[in-house]
Amino acid sequence: MPMNPDLEKERQGGTFDVEQLTHILDGGRDKTLKRHFLEQEVLKDPVFRGPDTRFLSREELFGELLRKHVAVIKKTQELSIDDINEASTIYSAAMNNNVGPLTLHSVAFVAPLDLMADDEQKKKWLIPAKKYEIIGCYAQTELGHGSFIRGLETRADYDVNTQQFVLNTPTETAIKWWVGGCVAVGDIGPKFGFGGVDNGYLCLNNVRIPRDNLLAKTGKVLEDGTYVKPENPKVVYGSMLGIRAALPKVGAYNLSKAVTIAIRYSCVRHQSEIKPGCGEPQVLDYQTQQHKLFPLLATAYAFHTVGVWMLDFHSTVMNEINEGHYHRLAEDHVLAAGLKAVINWKTHEGIEICRFSCGGHGYSLASSLPVIYVNHVANSTAEGETVILLLQTAVYLMKCVIDLEQGTPLDPSVAYLDQSFSKSEQWCSDVDMHSLLKAIQFRSKKFTEYVSSFVKKELMATGNQQLAFNKHKVILVECAKAHTEAVIMNAFVTKVDEILQSNPSVGKVLSLLCQIYGVTEILAHSGDYIQYEYLRKIDLDNIQDQLFKLYTYIRPEAVLLVDAFDFHDEVLKSILGRYDGQVYENMFKWAKASPFNKQDQGTFRKYIQQLKQAKL
Ligand SMILES: CCCCCCCCCCCCCCCCCCC/C=C/C(=O)SCCNC(=O)CCNC(=O)[C@H](O)C(C)(C)COP(=O)(O)OP(=O)(O)OC[C@H]1O[C@@H](n2cnc3c(N)ncnc32)[C@H](O)[C@@H]1OP(=O)(O)O
Ligand SMILES: Cc1cc2nc3c(=O)[nH]c(=O)nc-3n(C[C@H](O)[C@H](O)[C@H](O)COP(=O)(O)OP(=O)(O)OC[C@H]3O[C@@H](n4cnc5c(N)ncnc54)[C@H](O)[C@@H]3O)c2cc1C
């Protein structure tokens, strides 16, 4: 199919090599080539062809995705794929923006076995689980409790005579609920999205399991019932930590898809007139459209950068813990908590902005933006609700203030809290990314000190830390967000500095995105900068001008920047986001293919007929 002339023209501009940026995003040319190979292994294999999942009922969708997920597993076994990133490539190429039925087996059942099973248990369960000889799920949440783990009611009473645990969900609120991939007892019913996963309920009534079913790498129960505590009790939270550490990159992936669709479509879509008689411009030429999409384009790159960094950091900490060193577990936990919370929340807002920036067609499943949205938004609740996780990060920051007062060294990711910040010169409209980072770190430091003063005062008055925290939860959450933004900006600036050395043309365009991200973040909290007397109105006016100027620089690069995400059309599965931009012809073809247009109109006639018989 010929290329849409608008997109053809967009691809003749640009100042950087798209393929080199794709290699950087993938982690190197070899990784890109391997990803292409794996995608083609799926796209050329007829077993992965099937009905358009957007036309399927919930039951049909579950069945079709289960069929494809099994095919994904067989393909990874056939290709001897062990690497989770490579497995995810095959999975994403097959799932058409859905979450597959066996995802929880991989991310929430196999992972805890790897983390907390002793060698015997690994032989018994981890090896068969990795081969899918046993399929598992993660049944923690109950009807009455999800966030408050210490409030869970399920019981595991030890029967010393039989060396067994007797499991009970003693009350209705104790019923295990939301259990992804729980095909045993029952499904909790239709959901907002996540239609590919059968989230189940599980009632336990005197279910007996052997003592050695308790994963014993950390804590264990001896034959006489004595409980041997893990060296570090927090390790039992490790399986949640692992998924949280991975979710920032999942958020970046989903936002990159949405931005690709919205920016390509915004170049194909012509609407209204700027100069009468001069034809309808591309909607991406409107400043308002740029203001919707270019900060999100910058955000997708920022989130990808920090998502990769978080996974590396978490992997290092897990290796240290395997060697018995727990000193970075707390930092890992609060970084994963803050990044998972902020990135997934901002991503779900961003996907929605991408959807309505495509007008009516964004609302059609033909765009796939609704599919990406409803499957993504779960990540702001699942694996730790947004506020809950931000409070974890906030409590850690309050401890950092005390550490500072006591002269205790801070963890690297919060070292900036011990720095002094000053800004004397007036900002013009070309503030560099390092100055923007300093400003964002300054705000986080000031906010942390401000919130800490309130919490301390409350603590002095009540002597109860939980009460003190509970009274200031709103500003504690904002404090955690401010810190997390400093972590994101720091990762982005650090990566761009590195790329400026290795590939100046790519680095330059990424530095523009980094400035857009930083300026957008500062303008979103301009009041704080005035209140803390870090910026004046003239500074804010100048960086507002800078933002609009940056849009003009990014406009000719925009399509190339989303092309660099390198989503194959069959992976993106969006008619609005097609690489060739042939939207209208394919929208019409897709609509005509809808089963709804094929179904017998008898129903329609039957009821309308009643009206005709009535005396209207
Ligand atoms: C071949 C096929 C290929 C397949 C490839 C698959 C891969 C494809 C992936 C792509 C698609 C992915 C799509 C999305 C997948 C995601 C699916 C998600 C499914 C969802 C699952 C769930 O939701 S499971 C349940 C999750 N539940 C929660 O998160 C509960 C939240 N609540 C809590 O964590 C806790 O209650 C708490 C932390 C809020 C409170 O804990 P507690 O009551 O103990 O009190 P404290 O706050 O005082 O904490 C005590 C102490 O512990 C520290 N701590 C707390 N949590 C942790 C932790 N996680 N790690 C380390 N430390 C922790 C805390 O800081 C305190 O420390 P102190 O030093 O004492 O202060
Ligand atoms: C798609 C999806 C898949 C899931 N898969 C699984 C799974 O496979 N296995 C599993 O075990 N669970 C699963 N869950 C459950 C999930 O982990 C919980 O929904 C999540 O932890 C939130 O807990 P909750 O539902 O009890 O919400 P609640 O904690 O009841 O939250 C309700 C509101 O109360 C607020 N709140 C609660 N406590 C506090 C507090 N201390 N301070 C301030 N505000 C508070 C929250 O911020 C929120 O606004 C899944 C959930 C979803 C949506």
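Every residue gets a Cβ built from N, Cα and C, even glycine.
Noted in TrEMBL for the protein shown:
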ACT_SITE  Glu383  active site, proton acceptor
BINDING   Thr141, Gly180  FAD binding site
DOMAIN    17-135  domain 'Acyl-coenzyme A oxidase N-terminal'
DOMAIN    237-398  domain 'Acyl-CoA oxidase C-alpha1'
DOMAIN    432-611  domain 'Acyl-CoA oxidase C-terminal'
DSSP composition of the domain 'Acyl-coenzyme A oxidase N-terminal' (17-135), residue counts helix/strand/coil, works out to 89 helix, 0 strand, 30 coil
Once near-sequence residues are set aside, which residues in the chain of Gly180 (FAD binding site), 6 or more away, have Cβ atoms under 8 Å from its Cβ? Thr103, Leu104, Ala108, Cys137, Tyr138, Phe194, Val197, Asp198, Asn199, Gly200
Cα distance, Glu383 (active site, proton acceptor) to Thr141 (FAD binding site), nearest Å? 10
Name, in the order they occur in the sequence, the residues of the same chain whose CB lies under 8 A from the CB of Glu383 (active site, proton acceptor) and which sit 6 or more residues away. Met240, Ile243, Arg244, Leu247, Lys340
Let me know the DSSP-derived helix, strand or coil state of Glu383 (active site, proton acceptor), please. coil
Looking only at the domain 'Acyl-CoA oxidase C-alpha1' (237-398), report the model's average pLDDT. 96
